[in-house]
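Structure, as structure tokens:
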Amino acid sequence: MLWSIPAIALLGAPLLFWFGRRWQRIWLATFTGGICIVMFMLAWYGLQAGWQGTYSWNQTLTLQLDLTPLTALFVLTIAATAAPVVIFTAYHETRHGLPRLHSLLLFFTGAMTMLVLAADLLSLLIAWELVGACSWALISHQWRDKHKVQQAGWAFLVTRLGDLGLFVAVFSALAATGSLSYGALSELGGGLLHLFAAGLVLAAATKSAQVPFSPWLFCAMAGPVPVSALLHAATMVAAGTFILIRLYDILAPVPWFEPVVLGLGLCTALAAGLVACAQGHAKKLLAASTSAHYGFMWVAIGGGYPAVATLHFVVHAALKAALFLVTGVVAKSAGSYRLEKMGKAEQRSLLAVISLVSVLALAGLFPLGAAWTKEKIVTVAGHVTPLVALSTMLAGALCAIYAARFHLHLFGTLGRPLKGRGPAYRASVAEFAPLCFLALCTVLLSLLWLPSAGQTLEEWLKAPLPPFKAWELILSTILVVAGGLLGCRLTGRQSTVDPALGRFFAGWWSLPVLGHLLVVKPVRISSQLLSRAEQQFAALGMGAVGAISHHLARLDQRAVDKATMLSARLTRYLAKLNARAGEWLFNGIPTGMAALCDKCATRVQSLQTGLSHQYYTLAVVGVISFILVLITGEMF
């Protein structure tokens, strides 16, 4: 029965593609949203019923699914995030290509659900590949725009590079254990365990946009707003972080695993925070914030508390999906994603309230649930060293700066809107409903601050949560407030930062340029050199083959000529020999036979005298001779 959860989306997607081309928007929203709701309900019921899923491919390979409290929480979050996103898509996006977009979003959700439920590396690998392929198709949804197709290709290639790490991990596990089941991974040890961990970290870092792979998220912004919302909030970017959480018990014994994961996460949180603070494109600002918040999750994993990372994933999914959808509404009114232009479009106060709730959660301000998980991450960092805790707090302050910039550029302050606004795009009630749902989820997650919430989650997830430290909580809150005030002060003012430095930060620390110089350009040059060498080698080879063929042809011609001449000479010799001896032989044999027959006939004729006594004498002699022959034969 557990297979029914991803199957309902994976099978519903092609049906929607073929039969939904003439459906009205309401039916598209009902079908896709309804499937997501059914997935949510099945996951909840399946957890209570203890569902398992096994499919034997052959005697060696078996696909397995498992529903634990951890995987159930991820599935519930994915379904609860996908439902409002697909409903919003039905009413926000243009009608052309809408059924295809909906079917891809639905298939994307099903593939991610299968990835989360996988209990063996083969199922994980299949779902991992499906998620990557769907992301490329979704980013390049508007395929007539060559730039967007190119951006989708870049994002796909970068993530494919990391996918090689997953293949290395799968082969390492198979070589060490002879099985691909998660349960058999406990047998890993020695060098193969290190190789397995390295492959998974590489694959996870690329998928979750950790440094140095973070810039691919900017390429992913070429897709429609709902695609960005689902991809960043609960699906593809979460895949890498999820696999580290899921296999944490297997990876934790590797000595370098936790320090590397924590270091990558902290570097990403700080670097992405500065990128978001300098970014003037709304979607790219949110993309950088996604890298930063997944960096926070990596800090929690590296600090030994994967359950904290799981909870931060849940709260981040709700607020990030809401912010992307808000961005889509405002950008449709302004005609641009540039922050300075988006603020010139008049918007409803309700949209500003939804944005404010999500932005405060993004900044990590008490009492919202995102603040609770962020402060838990600070506590985890404090368990490592105070310096790591202070660095995490600084990354949280950067979150407050870019969150304030985002909201004030789009809406100004509530009650004092920005001047010079143009006519607004009036979002429908059907578009506002998903936004309100996501904002409500963000508010309800504030219940995490209740004293009993932490204990309940520990019992449910069967994982410990670190207790807060007063000085860390107070200092972190002060830095968040200071960051928010600094962001408010900087918004609308002429920046004193060097424009070149701002472009350096906004362009992801020139990582794309470095990637082009250190990877793309060398590969392109080496490809050209290899192409030339191949052409020269092919030319030399063809020349050598031609020369050999010509030489062989000459030898063949000489051999045939010699054979023909020898055959002619032999024929002439035999003809001469036949003329000399052959004619005498063939003429002499018949002549000799005739002469012999003539002599024999003459001899026989002499016996025919006509005298009876001679005949009797010959008969007696013949009989006696016959008897003697018989007697002689018996003796011998």
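Backbone N, Cα and C define each Cβ position, glycine as well.
The transmembrane segment annotation in TrEMBL covers 26-47, 67-89, 101-119, 164-182, 188-205, 217-248, 260-278, 350-372, 384-408, 429-450, 470-488, 615-633. Under the heading domain 'NADH:quinone oxidoreductase/Mrp antiporter transmembrane', TrEMBL lists 118-392.
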Item to check | Region pair the transmembrane segment (384-408) / the transmembrane segment (429-450), three or more CB pairs under 8 Å | outcome: no
Checklist outcome for this item: The answer for the transmembrane segment (470-488), taking Cβ pairs under 8 Å and residues 6+ beyond its ends, is 277, 363-366, 371, 374-375, 378-379, 382, 389, 393-394, 396-405, 408
Checklist entry - Which listed stretch (26-47, 101-119, 188-205, 217-248, 615-633) has the most C-beta pairs under 8 A with the transmembrane segment (260-278)? => result 188-205
Item to check | Stretch contact, the transmembrane segment (217-248) with the transmembrane segment (101-119), Cβ-Cβ under 8 Å, 3+ pairs | outcome: yes
Checklist outcome for this item: Counting only residues at least 6 beyond its ends, the same-chain positions whose CB falls under 8 A of a CB in the transmembrane segment (164-182) are 61-62, 64, 66, 119-122, 124-125, 128, 188-189, 192-193, 195-203, 206, 246-247, 250
